[in-house]
Protein chains: 2
Amino acid sequence: MKSIDYSLYLVTDETKPNAELLSIVESAVIGGVTVVQLREKKSKGNEFYEKALALKALLDRYSVPLIINDRVDIALAVGASGVHIGQEDIPLQVVKSIIPSTMIVGVSVKTLEAAKIAEENGADYLGVGSCFPTSTKDDAELLADGMLQKIRENVHIPIVAIGGINKENISELIKYQPNGYAVVSAIIQADNPKEATKNLLREINL
Amino acid sequence: MKSIDYSLYLVTDETKPNAELLSIVESAVIGGVTVVQLREKKSKGNEFYEKALALKALLDRYSVPLIINDRVDIALAVGASGVHIGQEDIPLQVVKSIIPSTMIVGVSVKTLEAAKIAEENGADYLGVGSCFPTSTKDDAELLADGMLQKIRENVHIPIVAIGGINKENISELIKYQPNGYAVVSAIIQADNPKEATKNLLREINL
Ligand code: NI
């Protein structure tokens, strides 16, 4: 699967126990989330694998693609639709050399230079952020002024806006025409993840 | 390469800067180390990859196999001879499903049950330990009395003794006839890694 609908892109965090996370993701998918990224920074390989496997089984039932953050081996092990890497992970060209051509690769960027390099090296999409201040990613640095627009105008692959996006601020990003909006806490920490998802989609007129 | 000489098995730690580590490993290989495992627990994907790549280039010059701890994706990326997993990493059968049949897999065990399961599931060798108290691995638990012998008598794949092994105690293990002896600090922290390696080999009559 090389063509993914990035419209509303849920990224998980490690704040919820597994069973609860699965239930939140299912509600979010029913609410309209189009793609899910499993992001684990602390869990061991077997926990990460078991979590990815359970999430994959759930998402398959809804034909929603699963993307694995950082660990290419976990993505390969569960047959994920894609892998998402940052600037500190295994380099893009190397990742591409060890995955099947059907698996997509997304790359986090915060500069135009990094965006262009990732596009040249065959990234399938870019995660661009942080768009707003966030407490989720400790290493999240705010994008420079006008950077989302600059990247939008200079690359041709899909762009997913990320970082601190919630129902109050998501509509401010519409003018930059990203292909999708990635959220973490706005859905994971919501009292009602399904309604939160619908509200986010409403804000971006989807 | 499915046949590896496990006799003196060097496992790296993260206490040395990269350049120094490479120099230590080269001295150890010249001294007689037969296989090297790169073990990184803190480094990011790109650091781990770069380190593995440099180590692979060095070891290739001496035809000494490189084994990567835990990260199967790094092992695939650099074309390592093998990968070594613990009980908390991606499960053995899953690892085997994503690596080429030419790549070996070693598994850390400390019980007979785990040893037999790993053998049944196709492990190429076992790392058995901790044989002696050690400060290198925070999760290293001492083997139960007689366990090395019990495992030796009940599995048919190669066994590498590991954990706290140094020139003072290595000869105590000879009676258990392991196929190899793994060391960390005894070489990495030695004033003269080449001499330290030779001394270890002398103790086991190699
Ligand atoms: Ni790890």
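A Cβ is built for glycine as well, from the same backbone N, Cα and C atoms used for every other residue.
Annotated 4-amino-2-methyl-5-(diphosphooxymethyl)pyrimidine binding site per TrEMBL: B:GLN37, B:LEU38, B:ARG39, B:GLU40, B:LYS41, B:ASN69, B:SER108, B:LYS137, in sequence order. According to TrEMBL, the Mg(2+) binding site annotation covers B:ASP70, B:ASP89. Positions annotated as domain 'Thiamine phosphate synthase/TenI' by TrEMBL: B:8-187.
Where TrEMBL records a feature, it is marked here on the structure.
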residue: B:GLN37; record: 4-amino-2-methyl-5-(diphosphooxymethyl)pyrimidine binding site; DSSP (3 states): strand
residue: B:ASN69; record: 4-amino-2-methyl-5-(diphosphooxymethyl)pyrimidine binding site; DSSP (3 states): strand
residue: B:ASP89; record: Mg(2+) binding site; DSSP (3 states): coil
residue: B:SER108; record: 4-amino-2-methyl-5-(diphosphooxymethyl)pyrimidine binding site; DSSP (3 states): strand
Filtering the binding-site residues B:GLN37, B:LEU38, B:GLU40, B:ASP70, B:ASP89 for a C-beta under 8 angstroms from chain A leaves B:ASP70, B:ASP89
With neighbours defined as other CB atoms within 10 A, the best-packed of the binding-site residues B:ARG39, B:LYS41 is B:ARG39
Same-chain residues at least 6 positions away from B:SER108 (4-amino-2-methyl-5-(diphosphooxymethyl)pyrimidine binding site) with a Cβ under 8 Å from its Cβ, in sequence order, are B:HIS84, B:ILE85, B:GLY86, B:GLN87, B:LEU126, B:GLY127, B:VAL128, B:GLY129, B:ILE162
B:ASP89 (Mg(2+) binding site) has its Cβ surrounded, within 10 angstroms, by a count of other Cβ atoms equal to 24
For the binding-site residues B:GLU40, B:ASP70, the largest set of other C-beta atoms within 10 Å encircles the C-beta of B:ASP70
Quick note, B:ASN69 (4-amino-2-methyl-5-(diphosphooxymethyl)pyrimidine binding site): same-chain residues at least 6 apart with CB under 8 Å of its CB -> B:VAL11, B:GLN37, B:LEU38, B:ARG39, B:GLU40, B:VAL83, B:HIS84, B:ILE85
Lowest 10 Å Cβ neighbour count of the binding-site residues B:GLN37, B:LEU38 is held by B:GLN37
